[in-house]
Amino acid sequence: MLDRLKSIEERYEKLNELLSDPEVVNDPKKLREYSKEQSDIQETVDVYRQYRDASEQLADAKAMLEEKLDAEMRDMVKEEISELQKETETLSERLKVLLIPKDPNDDKNVIMEIRGAAGGEEAALFAGNLYRMYSRYAELQGWKTEVMEANVTGTGGYKEIIFMITGSGAYSKLKYENGAHRVQRVPETESGGRIHTSTATVACLPEAEEVEVDIHEKDIRVDTFASSGPGGQSVNTTMSAVRLTHLPTGVVVSCQDEKSQIKNKEKAMKVLRARIYDKFQQEAQAEYDQTRKSAVGSGDRSERIRTYNFPQNRVTDHRIGLTIQKLDQILEGKLDEVVEALIVEDQASKLQQSEG
Amino acid sequence: MKTIFEALKWASSYLTEAGREENAAELLLLYDTGMERSKLLASLQEPIGEDELYRFKRHVEMHKEGVPVQYIIGKEFFYGREFMVNDDVLIPRPETEEVVFHLLEKYRSVFSEDGKLEVVDVGTGSGAIAVTLALENQSFSVSAVDISKEALQVASANAEKLGANVRFYQGDLLEPFIKAGKKADIIVSNPPYISEEEMADLSEIVRFHEPLHALTDGGDGLKFYKRFMEDIPLVMKDKVFVVFEIGWKQGAAVKDLILKAFKGAEVEVLKDINGKDRTICALIHKNK
């Protein structure tokens with residue numbers, strides 16, 4: 001571990017040099033690239049330096065014990081040693097976590113898809129609760145939510161709702177939401193007061209860069225709402241929806257935002273790219289999973305990951321056995337406690353894998 | 001107490017039955033609640049305020065009677081930006097975004113030299129084309145002309161709100177340029193191109209509410225293109241790049257007009273997202 005940290009520190013120093021090199025300073029692309037690389041390892045280097053200082057102090061203190069000391073002094077040094085030992089251990093644990101390879105998608109924006117699954121209208125209403133939860137969570141994080149497609153049911157739930165969340169670190173926090181979410185409650189329409197169980201599925205896809213997925217214009221069929229008739233000045237339409245079909249994969253994406261057709265097309269392209277990227281990733285993941293399995297990994301989409309129990313005001317995440325008695329608050333977007341627990345668990349399991 | 005969803009559901013079916021578009025209700029409700037769409041869709045089960053519901057019902061009624069949604073809410077999006085509109089101007093159409101898109105793509109192959117290009121948008125209306133071009137391309141020096149003083153007020157308000165640097169002139173087609181002896185590198189226009197005959201088929205929303213002089217020339221729909229053929233030589237330098245929006249069946253006719261007026265012009269007819277003739281681009285060189 002120390003060798004790796006040493007080389008990271010060397011790289012950090014090198015980046016310092018590069019970032020003051022006039023050639024780099026005048027090249028915005030390189031400047032951005034190097035600045036990002038440096039800020040990505042900043043914390044690791046800071047903690048490593050603290051660790052190194054503490055280790056040196058610890059060695060010095062131990063050396064002092066070899067010398068002739070009066071009893072009072074000896075006690076003081078012993079106390080110092082025990083404190084420094086604790087400190088180096090804490091720092092070393094932090095370093096292990098910092099050295100876990102970062103998910104390259106963590107900084108990306110996400111496309112989320114929620115679908116009412118088993119349970120008819122109840123499932124659709126629950127899909128609506130989940131959409132509200134994520135959009136409130138996004139709001140609290142200072143992220144932006146834009147709905148691309150919403151298929152509303154007769155009682156105001158969602159058969160399907162697809163939206164994009166834009167903001168720093170969105171994927172790193174939302175990626176654990178992939179899977180089946182289960183609700184237990186008495187539906188408003190249920191006269192006998194029986195508790196029903198329904199499910200909705202959530203998919204969270206990282207936005208894909210153009211370089212990651214190459215889509216050819218000729219492979220796409222474009223449909224709009226107003227495809228017949230003269231169009232142009234003759235028609236005043238408020239339907240700027242665009243539907244794209246990627247012919248080779250059969251992936252279909254629609255976007256109906258209110259902000260102009262040309263922007264809807266651009267956004268639909270983003271979703272299309274993300275879906276195709278996800279398709280490839282899922283295929284690669286399936287292969288990878290045969291050898292290793294991550295406890296809370298964003299793997300199996302049908303896995304039941306969480307239960308929302310209304311009568312008991314309880315949310316249970318089955319992957320980590322976490323139960324929180326604050327369902328009302330969680331549905332209002334206060335997801336932090338759950339997300340943090342999932343991140344910790346994910347890191348612990350990755351740590352185990354890298355050590356094992 | 002009604003929920004937002006109940007209000008929306010009522011308005012959607014009420015308007016759909018009256019032959020209006022389904023999502024008109026959502027646009028009106030967004031306006032009356034002052035919510036973003038993502039927020040509205042997260043609040044379907046919430047109650048709607050009494051005042052909001054009252055206003056919403058009134059606006060739904062107005063739209064049912066034929067007033068375009070965009071005039072009620074006072075805005076329309078174009079190229080991702082919000083433009084103010086009122087009944088002095090044609091409501092920007094999505095197809096016109098494509099006209100702008102083609103211009104921005106194609107002008108590069110025409111002008112390889114650096115430096116500012118003089119662009120004029122003729123019959124600017126809400127200013128959608130002129131303002132978008134000014135904001136999308138820093139090397140454009142954009143002017144806009146309209147015969148209607150009221151339209152120019154809307155257009156210049158949009159330019160100001162969106163921070164676009166556009167000079168506005170009142171006048172008939174290129175007349176202000178001709179009088180001032182100004183020249184243009186790029187001429188763009190979305191002139192009224194609906195023929196008198198076709199006007200009868202239009203929805204009442206368009207026919208009885210949008211400015212007639214922005215829709216039809218009262219004749220065959222080609223009148224303004226013909227007039228452009230006479231005016232263009234008076235404002236062009238050695239060459240000029242002309243981009244027109246055209247009606248769905250006018251590709252051949254307008255191409256013909258240009259080729260007859262300008263020998264050796266390079267003309268291209270482009271179809272819109274729905275496969276209809278929509279944009280015509282022409283590179284015209286001065287006759288030697």
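Glycine too: its Cβ is placed from the backbone N, Cα and C atoms.
Copied from Swiss-Prot, the annotated features are:
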type	residues	note
BINDING	B:Gly123, B:Thr124, B:Gly125, B:Ser126, B:Gly127, B:Asp146, B:Asn190	S-adenosyl-L-methionine binding site
BINDING	B:Asn190, B:Pro191, B:Pro192, B:Tyr193	substrate binding site
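Less than 8 angstroms from the CB of B:Pro192 (substrate binding site) sit B:Gly123, B:His213, B:Ala214, B:Leu215, B:Thr216, B:Asp217, B:Gly221, B:Phe224, each of them six or more residues away in the same chain. The two recorded residues, B:Ser126 (S-adenosyl-L-methionine binding site) and B:Pro191 (substrate binding site), show a Cα separation of 13 Å. Filtering the binding-site residues B:Gly123, B:Ser126, B:Asp146, B:Pro192, B:Tyr193 for a Cβ under 8 angstroms from any Cβ of chain A leaves B:Pro192, B:Tyr193, in order along the sequence.
All protein chains considered, the CB of B:Pro191 (substrate binding site) has 20 other CB atoms within 10 Å. Site extent for S-adenosyl-L-methionine: the farthest pair of Cα atoms among B:Gly123, B:Thr124, B:Gly125, B:Ser126, B:Gly127, B:Asp146, B:Asn190 sits 12 Å apart. Cβ environment of B:Gly125 (S-adenosyl-L-methionine binding site): B:Val89, B:Leu90, B:Pro92, B:Asp146, B:Ala151, B:Val154, B:Ala155, B:Asn190, B:Ala214 lie under 8 Å away, each six or more residues apart in the same chain. Neighbour density around each Cβ, counted as other Cβ atoms within 10 Å, peaks among the binding-site residues B:Gly127, B:Tyr193 at B:Gly127. Apart from the site residues B:Gly123, B:Thr124, B:Gly125, B:Ser126, B:Gly127, B:Asp146, B:Asn190, the chain places the Cβ of B:Val89, B:Leu90, B:Asp121, B:Ala128, B:Ile129, B:Ala130, B:Ala144, B:Ala151, B:Ala155, B:Ala214 no farther than 8 Å from the centroid of the site's Cβ atoms, the recorded S-adenosyl-L-methionine location.
Following the DSSP three-state reduction, the secondary structure of B:Asp146 (S-adenosyl-L-methionine binding site) is strand. For B:Thr124 (S-adenosyl-L-methionine binding site), applying a Cβ distance below 8 Å and a minimum sequence separation of six or more within one chain yields B:Ala130, B:Ala144, B:Val145, B:Asp146, B:Ala151, B:Leu152, B:Ala155, B:Phe168. Under the DSSP three-state reduction, B:Thr124 (S-adenosyl-L-methionine binding site) is assigned to coil, being neither helix nor strand. A straight line from the CA of B:Gly127 (S-adenosyl-L-methionine binding site) to the CA of B:Pro191 (substrate binding site) spans 13 Å. Counting Cβ atoms from all protein chains shown, B:Asp146 (S-adenosyl-L-methionine binding site) has 29 others lying within 10 Å of its own Cβ.
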